[in-house]
Structures are given as structure tokens and as C-alpha cells.
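Quick look at what Swiss-Prot annotates:
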- K175: active site, proton acceptor (ACT_SITE)
- H294: active site, proton acceptor (ACT_SITE)
- N123, T173, K177, R295, H327, S379: substrate binding site (BINDING)
- K201, D203, E204: Mg(2+) binding site (BINDING)
- P3: N-acetylproline (MOD_RES)
- K14: N6,N6,N6-trimethyllysine (MOD_RES)
- K201: N6-carboxylysine (MOD_RES)
- K334: site 'Transition state stabilizer' (SITE)
Amino acid sequence: MSPQTETKASVGFKAGVKDYKLTYYTPDYETKDTDILAAFRVTPQPGVPPEEAGAAVAAESSTGTWTTVWTDGLTSLDRYKGRCYHIEPVAGEENQFIAYVAYPLDLFEEGSVTNMFTSIVGNVFGFKALRALRLEDLRIPTAYIKTFQGPPHGIQVERDKLNKYGRPLLGCTIKPKLGLSAKNYGRAVYECLRGGLDFTKDDENVNSQPFMRWRDRFLFCAEAIYKAQAETGEIKGHYLNATAGTCEEMIKRAVFARELGVPIVMHDYLTGGFTANTSLAHYCRDNGLLLHIHRAMHAVIDRQKNHGMHFRVLAKALRLSGGDHVHSGTVVGKLEGEREITLGFVDLLRDDFIEKDRSRGIYFTQDWVSLPGVLPVASGGIHVWHMPALTEIFGDDSVLQFGGGTLGHPWGNAPGAVANRVALEACVQARNEGRDLAREGNEIIREASKWSPELAAACEVWKEIKFEFEAMDTLD
């Protein structure tokens, strides 16, 4: 018997249920550079102290179970357990607390977002002692980051591939999202790209349905891309959605896209799953394909303020798993997104190093070391009048995506694309000349519309369209 085993055996085993806080609440713990740190918004059940609730989260998401077990004596719990090391009340909320938990790195498989989430946001979210639980943020240590490939290419490589610099990229989701034949779909793609857009996009639920099988769509879209490139002299792309029912089918679609020579494919990373997404990201890097990521299903997870997981965590997970673009909200359009919160996770997607900033919802300083950045995509209910605000909010390293705001133009798809391109170029020029886009935006668009009948028509159509609802998820 080894000395270590003798020591553990001599302690003895006492069956029964213990308070979690006796083992997992460690306020004196000093976090390590290699720890994964998590900030949970905890709402305990009545009568459950916050220390016990925070310790329960640490236990149930690491080594703990509901009772003492004799096999605890066969390992070093002190080495492997999660620790709740700090608890603070949430300002303005009754019986809500932020519980900070540190996890030792050895709890997680290298290069696996799937395994990381299975532990941290697994069974613990159904724990009866908690009325609600939300993961607000994660600090991923550099030692763990270095086990991931991350985005297939990143922002700079994408710009070099496209030969487009100094402005946001322009996109459009083809509408109606379902029901078009492959040929009519390809026609809409061609008209939008010819009109001046950089990208067009499959909607998230376009996969391979009876009205339009994936192979037919890929072929007609490739034809549209090459025709538009020949006529405009610009590199164009269409986000061909490779999402499928199996990983094998997904990769088959990506292989066909590569054989067609198109620059980019797409994946629904939450409905498709992180294992599938990471596999596709590896294929895309190895084969020179950019990867656009749609976040369909995110609001099921992140929209409620007291339960689920904040999108900033999903954004960090996507950067680890791999994607060159990801939808991030618009601040000004029809979909959820408060400005400071949105800009907080936009920086987490793009920048190499992000300081802790609670005013933007960032709970931890995050160093991404050499992991490439991800372009945020603003999409959903936006049109030409939003262009100055979008340019000012998101800056050059972004994709501005107008679906209805392109295809809803009264003169057709190509004029809709022209209107958006003229509006963007006018905003970029005005910004470069030192004008204030936030204050002078409408005037800049009106001036540009004098020289572009397409833009003037778009301005008239959408002059009264607004989406003025308060965001559900706001800063505390």
C-alpha cells in the first residue's frame, strides 16, 4: 500500500450528506493563471444561504455529488474540485448573487468546447437548491486556449483573401428564406452581388429541403458568384450553409463547396453542435474556406437575464471552436442587443486582449494570445438609415448584413444592393473626413441620395421604419 493510500485510509469514511460549503466554498483561495474562472448569477431557493448555493454550483459542476462517497478517498479532491472563491450581491436585485468559481485545468479535455460546457453548464442548471442560474462570463486561461485551433483564418487573412480593406463588408440574406427554387435563388444571389454587395447568405434554416436540394443550390450560387465577379472585378462570396443531420453529410457539403472554388461556407453552430462546428472549422482551415457562423437558437439560451448563459460566453466558445464570422446583434435593428453589452462581446470576438470592464458586462480580463479574431455580423431589421450608426458602432472589422433592407427595395434586388453600397461608402468617406456619424448620420445619407436614385428610393421606403423596444438583457 502506498503512503498516500495509507494516509487516506487512516482518515476513514463517514457516510451521509454534508453541506457543500464545508468543502467547496473557499473564500481564501487564490486563483491560478491556469484556472478556468466562471461568474454565475445565482438565485437560491428561499432558505438556502448564498455561500451554500455558490458552493453547490462549484461542486455539481466539478467533482461533487449529493452525498459522501467512499471513492472520494481514492483521489485528491483538493486537486480536482471546483471552488467558489467569492460571492457578491447583484445591485438592485433581491436574492441574486454573483458566485465566482475556479476550476482546475485538469478537469477539461484539451481542445474540446463540448467537454468544457458539459461540466460547467451541465446538470448543475437543473439543481433543485437553485431557483435560477446563469453563466455570465468565463475566463479561459492561455494554457487552455493554446489547445484550440480557433477560427479557420481570422480577420486579416479574410481581408487578404478578399482584397478588401478600410470598410465594413456588406452582406444580404436571401429572402424569402424558404420556398425558392435553386435557380431563382441563384438569380437573387447574382443580382445582389452584381449590385455591390460582398456576400450573400443562406438563411439559417436553408439546408436541403424538397423545394431546393443542397447540391442544386450550391451549383446555382457558384454560377452567380463567378458571373458577378466577372462583371464587377471584385471577389464575391455566398455563405453556403453546410449544416446537416450528420457530421459526415456536413463535411460532404463542405467538400463540394471547395471543389466549386467558392470562398466561404456556413454553419449553424448551436443547433449543429460544438463537436460538428470544430470539425468543420478544422476542415475549412486545411482547405482554404472561410467559415460563417449563424447563432440560431441562441436566444433560447441567453435571453433570460436570470437563467441560462450570456451570449458573451457563447461568443468566447465560438472563438475557441472556430468561425470567421458570427452574428452578434445590431443594437439598432429588430433583434435583441443592448449597446454596451453588445460592444463588450464584439471586443471579445475581435481583440487580442480585453480588460475586465463591468460597465460592459466583462467580468474577467481575457488574453487570447495568438488566436485569430472573428468578424461580428450585424444582421436583422436594418436598412440604409441605420448605416451611419452601424458604421460608427461596429467599425471597419465587421459585416453589415441587410436582407429585407436589400431585397425589399422597390426597384429590385440589384438597386437594393446599390443603395446599401452607396450608403456605406458615403458613411466611410464622411468618417474618414472627420465627420460625426452619430450626430450627422441622417444628413450624410441625404447628401449621398442626391447622387444615387437607388439610395433615394430606399430612403423613402424605410424612412418610418423603427424597432423601438427595450432590450431584455441590460446591465445591472
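Just so it is clear, glycine is given a Cβ too, placed from its N, Cα and C backbone atoms.
These numbers come from a predicted model, not from an experiment.
Spatially, by CA atoms, the binding-site residues N123, T173, H327, S379 include one closest to H294 (active site, proton acceptor), and that is H327. Cβ neighbours within 10 Å of K177 (substrate binding site), excluding its own Cβ and spanning all shown chains: 14.
K175 (active site, proton acceptor) sits 8 Å from D203 (Mg(2+) binding site), taking the CA atoms of both as reference points.
For D203 (Mg(2+) binding site) paired with K177 (substrate binding site), the C-alpha to C-alpha distance reads 6 Å. The maximal spread of the substrate binding site, taken as the longest Cα to Cα distance among N123, T173, K177, R295, H327, S379, is 37 Å. Around the Cβ of S379 (substrate binding site), a 10 Å sphere holds 25 further Cβ atoms from the protein chains shown. The Cβ of N123 has fewer other Cβ atoms within 10 Å than any other of the binding-site residues N123, T173. When the Cα of K201 (Mg(2+) binding site) is compared against those of the binding-site residues N123, T173, K177, H327, S379, the shortest separation belongs to T173. Between S379 (substrate binding site) and E204 (Mg(2+) binding site), the C-alpha separation comes to 12 Å. Minimal Cβ crowding within 10 Å, among the recorded positions K175, K201, H294, R295, H327, is found at K175.
In the three-state DSSP classification, N123 (substrate binding site) falls within a helix.
Proximity of E204 (Mg(2+) binding site) to non-local residues of its own chain (separation of 6 or more, Cβ distance below 8 Å) is seen for N241, T243, D268, T271, H294, A296, given in sequence order. Within 10 Å of the C-beta of D203 (Mg(2+) binding site) there are 18 other C-beta atoms, taking all protein chains into account. What surrounds the Mg(2+) site, by Cβ distance within 8 Å of the Cβ centroid and not counting K201, D203, E204, is the set T173, I174, K177, D202, N205, V206, Y239, N241, M266, H294 from the same chain.
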